[in-house]
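**Student:** What follows is a single structure, and I will ask about it in a moment.
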Amino acid sequence: MSLKEKVHAVFQNSFGCEPDLYVRAPGRVNLIGEHTDYNDGFVLPCAIDYETVVALQRRDDDKVVVVAADYANQRDEFSLSQPIEAHADQLWSNYIRGVVKYLLEKGLSLKGLNMVVSGNVPQGAGLSSSASLEVAIGQAFNDAYQLGLTPAAIALNGQEAENKFVGCNCGIMDQMISASGEKDHALLLDCRSLQTRLVKMPDDLAVLIVHSNVKRGLVDSEYNTRRAQCESAARYFGVKALRDVTLEQLQQAAEQGKLEPVVYQRARHVITENERTLAAADALETGDLEKMGVLMAESHNSMRDDFAITVPAIDTLVEILQQHIGNDGGARMTGGGFGGCVVALLRPAQVDDVIAAVEAEYPAKTGLKPTCYVCKASDGAGIF
């Protein structure tokens with residue numbers, strides 16, 4: 001049963017009628033550009049064909065009624081005319097409440113909706129299931145009430161909900177790619193200006209995401225530490241963010257003993273990762289998969305050695321993928337670190353053999369079982 005069929009059936013059961021509209025918003029994978037977003041840098045994600053789908057019906061009053069088809073049809077109801085508070089027991093509700101709260105704060109004219117929500121973005125895998133939900137809800141209100149919001153406005157509203165209402169300090173990348181992705185393209189995003197450039201992906205290219213199934217500990221505290229180290233390096237140079245520092249300036253400061261070695265390493269990752277991300281957009285566009293593979297390997301090594309956010313099982317998984325893909329693509333860890341997923345780019349003809357190799361070798365070397373997702377670069381949010 002497709003997601004659309006699922007939300008349709010649950011909608012009929014819950015509300016006894018047909019929905020007015022269906023909207024969708026995808027998850028994402030970041031091909032390269034890690035921990036650069038909060039440093040005002042560049043990222044190169046693509047939307048994937050795992051998504052959140054909403055069936056909706058306009059209401060004449062100010063009540064929002066949501067049914068979560070993936071959580072045993074749990075319901076949430078709240079009013080647009082009362083202060084929107086966090087739900088004490090249902091975490092999923094807060095992503096929706098937060099999005100609606102910040103739409104209202106922008107002075108937009110909303111009425112209520114009946115909604116059924118379902119998604120197949122793997123949770124806890126670093127593929128942005130939460131951003132997909134936030135963007136889907138923003139898109140639902142935008143399309144139901146002709147709010148005229150741009151994809152960037154829907155993305156920023158979702159980020160605001162996650163930062164302020166849910167309490168997770170994410171950058172803008174996840175919501176932005178979910179809102180504005182395009183089929184068969186990656187999106188080069190400047191996280192400072194929010195300018196985007198669509199990057200055509202080669203036709204004969206597969207995106208393989210492998211979940212390491214490493215239990216992730218320390219992610220939040222380590223993330224905050226890395227962020228603070230990057231900010232202290234930017235402060236030393238008197239700039240807003242590491243985006244404004246060159247590698248030459250950084251090396252000069254290090255040679256003069258002006259930076260702690262660990263801060264130097266963290267900053268070196270960010271500065272070189274920005275350079276790699278810009279180069280990767282060009283390599284992808286020209287179909288130079290060998291160059292793309294080199295850049296992905298350099299990115300992974302930098303995350304391992306300078307930013308110190310990989311773990312041994314992830315390094316092993318990347319090595320297995322690199323070995324079996326060869327020179328026609330590459331692999332690297334993607335996401336915040338300390339577990340999560342590896343992203344690989346390879347020829348479609350290689351996919352089955354590479355998955356078989358990963359499923360044989362990774363458990364033998366780590367005792368962990370991988371989960372593989374073969375994806376296509378997909379369209380961003382919209383009605384369907």
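Each residue, glycine too, has its Cβ placed from N, Cα and C.
Below are the features I grabbed from Swiss-Prot:
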type	residues	note
SITE	Arg28	site 'Transition state stabilizer'
BINDING	Glu34, His35, Thr36, Asp37, Tyr223	substrate binding site
BINDING	Gly124, Ala125, Gly126, Leu127, Ser128, Ser129, Ser130	ATP binding site
BINDING	Ser130, Glu162	Mg(2+) binding site
ACT_SITE	Asp174	active site, proton acceptor
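Give me the structural setting of these features: burial, nearby parts and distances.
**Tutor:** Residue density at Arg28 (site 'Transition state stabilizer'): 32 other Cβ atoms are found within 10 A of its Cβ, drawing on all protein chains shown.
Around the Cβ of His35 (substrate binding site), the same chain contributes Arg226, Cys230, His269, Val270, Glu273, Met303, Phe307, Ile309, Gly336, Gly337, each under 8 angstroms and 6 or more positions distant in sequence.
Long-range neighbours of Leu127 (ATP binding site) (same chain, six or more residues apart, CB within less than 8 Å of its CB): Gly27, Arg28, Val29, Ile48, Tyr50, Val121, Ile209, Cys341.
All chains included, 24 other C-beta atoms sit within 10 angstroms of the C-beta of Ser130 (ATP binding site).
Under a cutoff of 8 A between CB atoms, and with a sequence separation of 6+ in the same chain, the neighbours of Asp174 (active site, proton acceptor) are Arg28, Pro45, Ser128, Ser130, Ala131, Gln159.
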**Student:** Quick one: among the binding-site residues Gly124, Gly126, which has the most Cβ atoms sitting within 10 Å of its own Cβ?
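**Tutor:** It comes out as Gly126.
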**Student:** With a 10 Å radius around each C-beta, find which of these binding-site residues (Thr36, Ser128, Ser129) has the fewest other C-beta atoms nearby.
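**Tutor:** Among the binding-site residues Thr36, Ser128, Ser129, the lowest count of other Cβ atoms within 10 Å belongs to Ser129.
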**Student:** Name the secondary structure element type, per DSSP in three states, that contains Tyr223 (substrate binding site).
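**Tutor:** The three-state answer is helix.
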**Student:** Within 8 Å of the Cβ centroid of the ATP site residues Gly124, Ala125, Gly126, Leu127, Ser128, Ser129, Ser130, which other residues of the same chain have their Cβ?
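**Tutor:** Filtered neighbour residues, in order: Gly27, Val121, Pro122, Gln123.
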**Student:** Compute the C-alpha separation of Ser129 (ATP binding site) from Glu162 (Mg(2+) binding site), stating it in Å without decimals.
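**Tutor:** Taking the Cα atoms only, Ser129 (ATP binding site) lies 12 Å from Glu162 (Mg(2+) binding site).
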**Student:** To test your reading of the substrate site: which residues beyond Glu34, His35, Thr36, Asp37, Tyr223, same chain only, put their Cβ within 8 Å of the Cβ centroid of those residues?
**Tutor:** Gly33, Tyr38, Asn39, Gly41, Val43, Gly171, Arg226, Val270, Glu273, Gly336
